[in-house]
Amino acid sequence: MKNVISSAQMRDADRHTIDTAPIASVDLMERASLAFVGAFMQLYPDRHVSVLVCCGTGNNGGDGLAIARLLQGHGYDAVTVWIARFTERETDDFATNLTRLHNTPVTVAEFLPADELPEIRQSVVIDALLGSGLNKPLTGDWLRLVEHINQASKQVVAVDIPTGLRANGIIPATEPTIFAHEVITFQRPKLSFFFPESAQTMDRFQVVDIGLDEAFIEGAPADFKLVEPEDIRLAYRKRKPFSHKGTYGHALIIAGDTSTMGAAILCCGASLFSGAGLTTACIPQEGLLALNTRHPEVMYCAMADLPDLWDRFDAIGIGPGLGRRVALFEKCLAYEPKPMVIDADALTALAHEQSLLDKLPARSILTPHMKEFDRLFGDHGTWWDRVRTAREQANARGLVIVLKNRYTFIAIPDGRVLINLTGNPAMATGGMGDVLTGMLVAFLAQGYTPEEAAMLACYLHGAAGDRLVADVGMAVVPATQVIEHLPAINGML
Ligand SMILES: NC(=O)C1=CN([C@@H]2O[C@H](COP(=O)(O)OP(=O)(O)OC[C@H]3O[C@@H](n4cnc5c(N)ncnc54)[C@H](OP(=O)(O)O)[C@@H]3O)[C@@H](O)[C@H]2O)[C@H](O)CC1
Ligand SMILES: [K+]
């Protein structure tokens, strides 16, 4: 898992790399700018596209100057630079790059405080005004310039981070920023990119490697970790020769009600396709025909038989579409504790009866979306606060909290948060949560730890959706398709 590091840690990594590589700081800026230009050229291959590079006078601005020079060197023939001279301070690397830029034909205009800003006629604006050095909200001339750029409604590509966005996750709703369609960021995504509030500031980001010392970055203390494909390959255990269904555990899904039987069937299907050796459904009897038709492999357990059969199960998933049968949840908490996934209506029951939280089996997995989370732990004005509560609760109660979001945050008992990057907006359809729950139960039944199960299920769930979008071209992905695509994803590992 890769560390997500703070701006201060990034500065340390910068300094460390300069000292130990060794590399001059201006050469590191050149490397960063080259990496940016490589990514930019993929986005805008037309050398005649008109580009306005807006630069501050710090190192983000220094990058902008180097980028303008490099683009011109690559044959981009309509590059203009604006420099915002709103402070007398400039960094050494900015100054060096300004001298270098003056040796090229690129047009440079400088703006002093209160200067009138000309109309922006270029098609693309590169935002190199302020980067990770931001230490206060935008005001005065900075704000005026950023608003001028936003009002021009051009394509905006930000260098490292959109101007005005704080890097470290806390995003006040009222703070103005530039709006960037694309962010080309250095070495690591900034923590803020994973918080839904960042959608007001940016559409997409991509990370480019600028050769900072990776060992140093990975050695830094980090509360947030990115789940990488390599982590999944390492965690995932391929099926062994001579293994049998007993090797892969028995999952019990307690779900479904008259009008929400589909949730139970989706959940069971996901368990089946995620490799549980056996899957049993505790659903209302009226759902049996549908279950047998859709998934004849799944067995049935009547509500009344649960106490007698409980010993047979290795992991329990409870909640999807449980509806009026939700009292079952409290009953199950009185039986012998088993690895458990708590979702949907069972989460609502927890919210109504908070004392049940203390009765959850150790290291249970909770899978709330935002509303379920707030019902459970109180309203949160920002995602930063919500994630902080998730960390506190996971740590204090020894739970794994899968806080569902465009980038799902997995808060684990040791206080860290794993960030899952797979998944896409085409998957924003009903039933996806039921599928995730089924997958989690299946992985628990197979003997994975709750942390591993959460990581695998979130990653593979999103990866199946990503495949369906990328390879099959689906604009909208229904949950059943994700289930059927899971084996192919597993085989890929
Ligand atoms: N390791 C890396 O990732 C590398 C990053 N590079 C680039 O460097 C920037 C960070 O550069 P830095 O010089 O530290 O900071 P900025 O350019 O972002 O900001 C410059 C100064 O602006 C002032 N400031 C901060 N907030 C505001 C504001 N709201 N309004 C006005 N001015 C503001 C502040 O100075 P003060 O003296 O006023 O406190 C900043 O110092 C990084 O983002 C990358 O683009 C390197 O090029 C390569 C390595
Ligand atoms: K920027």
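Here the Cβ of each residue, glycine as well, is placed from N, Cα and C on the backbone.
Automated prediction, rather than curation, is the source of TrEMBL annotations.
Residues or ranges marked as domain 'YjeF N-terminal' in TrEMBL: 10-218.
The local packing around Gly62 ((6S)-NADPHX binding site), expressed as other Cβ atoms within 10 Å of its Cβ over all shown chains, amounts to 30. The (6S)-NADPHX binding site annotation in TrEMBL covers 59-63, 131-137, Asp160, Ala263, Gly321, His369, Asp434.
Note on Thr163 (K(+) binding site): other Cβ atoms within 10 Å of its Cβ, all shown chains, come to 29. Residues or ranges marked as K(+) binding site by TrEMBL: Asn60, Asp127, Thr163.
Across the domain 'YjeF C-terminal' (228-493), the prediction's mean pLDDT works out to 96. Residues or ranges marked as domain 'YjeF C-terminal' in TrEMBL: 228-493.
Taking all protein chains in view, 17 other C-beta atoms sit within 10 angstroms of the C-beta of Arg406 (AMP binding site). Annotation note: Arg406 (AMP binding site) sits in a coil segment as assigned by DSSP. Residues or ranges marked as AMP binding site by TrEMBL: Lys404, Asn405, Arg406, Tyr407, Thr408, Gly433.
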Exercise. Taking the Cβ of Thr408 (AMP binding site) as the centre, count every other Cβ atom within 10 Å, in any protein chain shown.
Key: 25
Quiz item: If you count other Cβ atoms within 10 Å of each one's Cβ, which of the binding-site residues Asn59, Asn135, His369, Gly433 has the most?
Solution: Asn59
Exercise. Scan Asn59, His369, Lys404, Arg406, Thr408 for binding-site residues whose C-beta lands under 6 Å from an atom of ligand 2 and note them, or write none.
Key: none
Quiz item: Which binding-site residues out of Asn59, Lys404, Thr408 lie by ligand 1, going by a Cβ under 6 Å?
Solution: Asn59
Quiz item: CA-CA, which of the binding-site residues Gly62, Ser132, Asn135, Asp160, His369 lies nearest Lys404 (AMP binding site)?
Solution: His369
